[in-house]
């Protein structure tokens, strides 16, 4: 049985002091979380050490928001797996639509990050998703297929999470219909060819829609943005029914 992974991506939010206060409020709210799920938070790099000092790793894991494909070198503004592992990080988000958009990350670069994350002992959370224009032109399946085939080449599906995040639903308040999201997640599972791969949905996930999203057969978790910044909202998402 696939374990549910409920992940929060804080993006460029929260200082170390704010992260500490958040954890003090959040951890008691998830202490009785069910054994069939895992909670992961991806704080800014500066707050990762706060997590490693103050979080309880039995039910809360740390993710980075990106990762480089080398352990060291002249790569300004990048961060390596060994730097992250030293602080208790066990997951790494790669291929999020924001680096794809703002820094022109290619599927080839995303693949290098994902492969090296696995080689270093981390579990990559690889994001895929189509734009509104691509969706309206009926190209969603083709775009997702390309991103999966190129971005996941030579990865180990037994140590992998794929997050389907329709770009038009991220931070907009618009949520992909649960059945439509499930159909894309089913496509991703078939493309990977491994039934036990964990597939998340991301895009305006909130307490008022989490139960419907998680009732879908091919959705194994969520990657949450804005709603993960509020400890009560994120706890409700983590404790979905």
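Positions of Cβ are set from backbone N, Cα and C atoms, glycine also.
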Candidate from 49, 158, 186, 204 that Swiss-Prot assigns to the same substrate site as 9, 10, 11, 171, 225, 226: 204
Between residue 9 (substrate binding site) and residue 96 (active site, electrophile): CA-CA distance (Å): 10
Sparsest-packed of the listed binding-site residues (171, 226) - C-beta count within 10 angstroms: 171
Count of other CB atoms lying within 10 Å of the CB belonging to residue 165 (active site, proton acceptor): 27
Residue 11 (substrate binding site), number of other Cβ atoms within 10 Å: 17
Residue 9 (substrate binding site) and residue 165 (active site, proton acceptor), distance between Cα atoms, whole Å: 12
Tertiary neighbours of residue 225 (substrate binding site) (same chain, Cβ under 8 Å, six or more apart): 8, 9, 11, 170, 171, 202, 204, 205
